[in-house]
Amino acid sequence: MHILKVGFNYKTTPVDIREKFTFSEDSLQDAMVELKNQKSILEDVIISTCNRTEIYAVVDQLHTGRYYIKQFLSNWFGIEKEEFSTYLRITEDDGAMEHLFRVSTGLDSMVLGETQILGQVKQAFLNSQQVNTTGTIFNELFKQAITFGKRAHKETAIGEHAVSISYAAVELAKKIFGDLQEKHVAILGAGKMGELAAKNIQGSGATKITVVNRTLENANEMAEKFNADVESIDQLPVILQQADILISSTGADSIVVTKEMMEKVQKQRKGRALFLVDIAVPRDMDPAISELENVFLYDIDNLQHIVDDNLESRKQAAEKIELLIEEEIVTFKEWLKTLGVIPVISALRQKALTIQAETMQSIERKIPNLTDRERKVLNKHTKSIINQLLKEPVTQAKEFAGKDNAEDSLQLFINIFGIEEEVKEELVKHAKKNETLMKIAKEEPSSFPIIEKITTA
């Protein structure tokens with residue numbers, strides 16, 4: 001058994017190629033089911049976002065797994081393999097696990113440490129569970145990756161430092177004013193940067209937002225998204241008198257807010273502090289405005305310094321997470337090693353309980369007049385004896401599973417307790433339940449296909 005990651009992402013694949021391999025929400029579950037029906041594919045989860053399309057699969061053989069995943073992509077999207085193979089990035093076993101942990105923590109994201117991808121990984125996993133394309137291995141691996149993603153963000157605070165200009169502006173406003181809920185925020189300009197600033201402002205709790213723009217049609221369109229008010233640019237002096245914060249990104253060729261305009265505004269404000277953020281290039285605001293009392297002006301260069309410092313903080317946090325990822329991989333591989341012992345322990349318990357049940361039947365034949373209470377007491381105590389006798393052998397079996405010669409040790413364990421047939425039955429039951437293990441032929445010697453085929457180097 002092996003774990004594969006096959007896919008495209010923003011690092012290696014241009015958007016004009018990525019967009020051809022994006023699974024729609026409506027088709028994603030059908031795609032996972034279709035993939036699982038391919039030869040060699042035992043479990044699968046597909047993560048499809050604007051920045052990546054990645055297939056994670058448990059396969060019985062690496063070369064056939066790679067082949068059938070490529071063939072699936074070709075068939076599903078109607079594109080010849082030769083046209084996209086150069087863009088595909090494939091990682092195996094430890095590399096695939098590491099990549100998933102990096103994705104879930106935001107280390108592989110365009111914006112280092114962003115949290116949106118963790119929700120997307122979780123949703124992909126839930127989608128796969130709903131259509132039964134995961135089994136024993138991915139149920140454990142994805143739960144671990146999602147839990148680790150949450151823990152990594154909590155322990156390192158990697159996502160707490162703004163690394164975009166518009167978000168840095170909002171963070172700076174929060175440092176100056178604290179709670180933004182009661183503050184009046186004006187957005188000058190209804191372009192892309194203005195909309196992003198409005199989104200971040202609203203996400204930080206601001207409820208009173210005014211969009212100011214030359215073209216009212218564009219302003220109205222943006223305002224609808226954020227339940228904001230709209231004013232034309234000729235009302236800018238009035239808005240400046242009322243607002244606590246102004247974020248400007250008009251794209252104008254010349255200064256929009258002059259020092260002279262602000263001097264008049266400040267007389268009307270009667271000393272109330274005004275926070276101005278100019279993220280436009282060329283600048284919208286006269287730099288001389290910063291000379292005015294109780295006016296705090298920041299331009300894109302000021303914010304870039306904040307972003308650079310924050311990005312460095314995120315990089316330091318990322319280094320800590322990289323070390324934690326190594327520990328997570330070790331933890332998962334240790335779990336994999338114990339997986340092979342489950343059918344052995346189950347078989348041993350089943351044989352012991354069968355003996356206990358036969359013993360109870362023998363007692364009842366020899367002592368037919370047992371009361372219900374006596375029968376319950378005997379049943380309870382004979383099971384207690386079984387559990388006490390099995391405690392040490394079960395512990396030993398688990399220890400065997402963690403050793404390099406696990407398969408030989410477990411086979412010896414099986415022979416000693418005479419549970420060969422019971423183990424075969426447990427392996428078949430396990431395979432049917434999880435649809436992960438290869439079919440076990442009744443005449444074949446019992447084996448532990450999961451633990452030995454995953455690379456442990």
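First residue shown is number 1, and so on along the chain.
Cβ atoms are placed via backbone N, Cα and C, with glycine included.
Owing to the predicted nature of the structure, the values given are computational and were not obtained by experimental measurement.
Annotated features, as they stand in Swiss-Prot:
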BINDING   THR49, CYS50, ASN51, ARG52, SER109, GLU114, THR115, GLN116, GLN120  substrate binding site
ACT_SITE  CYS50  active site, nucleophile
SITE      HIS99  site 'Important for activity'
BINDING   GLY189, ALA190, GLY191, LYS192, MET193, GLY194  NADP(+) binding site
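Here THR49 (substrate binding site) is positioned 24 angstrom away from GLY194 (NADP(+) binding site), judged by their C-alpha atoms. With every protein chain in view, the residue among the recorded positions HIS99, LYS192 whose Cβ has the most Cβ partners within 10 Å turns out to be HIS99.
Counting only same-chain residues six or more apart in sequence, the Cβ atoms lying under 8 angstroms from the Cβ of GLY189 (NADP(+) binding site) belong to VAL212, ASN213, SER248, SER249, THR250, GLY251, ALA280, ASP284. Here CYS50 (active site, nucleophile) is compared against the recorded positions HIS99, THR115, GLN120, GLY191, MET193, and the shortest C-alpha distance is to GLN120.
Ranked by CA distance from LYS192 (NADP(+) binding site), the recorded positions ASN51, HIS99, SER109, THR115, GLN120 have ASN51 at the top as the closest. Note: the substrate site is recorded as THR49, CYS50, ASN51, ARG52, SER109, GLU114, THR115, GLN116, GLN120; in the same chain, GLY106, MET110, ILE117 also have Cβ atoms within 8 Å of that site's Cβ centroid.
Counting Cβ atoms from all protein chains shown, GLY191 (NADP(+) binding site) has 16 others lying within 10 Å of its own Cβ.
Take the CB of THR115 (substrate binding site) and look out to 10 A: across all protein chains shown you find 16 other CB atoms. With respect to their backbone Cα atoms, SER109 (substrate binding site) and HIS99 (site 'Important for activity') stand 11 Å from each other. Every protein chain considered, the tally of other Cβ atoms within 10 Å of the Cβ of CYS50 (active site, nucleophile) stands at 12. Each residue in ILE187, GLU195, LEU196, ALA197, MET222, SER249, THR250, GLY251 lies on the same chain as GLY189, ALA190, GLY191, LYS192, MET193, GLY194 and has a C-beta within 8 Å of the C-beta centroid of that NADP(+) site, without being one of the site residues.
Within the same chain, residues at least 6 positions away in sequence whose Cβ sits under 8 Å from that of MET193 (NADP(+) binding site) are ILE165, SER166, SER249, ILE279, ALA280. Distance between Cα atoms for GLN120 (substrate binding site) and ALA190 (NADP(+) binding site): 29 Å, as a whole number. Around the Cβ of ALA190 (NADP(+) binding site), a 10 Å sphere holds 25 further Cβ atoms from the protein chains shown.
Around the Cβ of GLY194 (NADP(+) binding site), the number of neighbouring Cβ atoms within 10 Å comes to 26.
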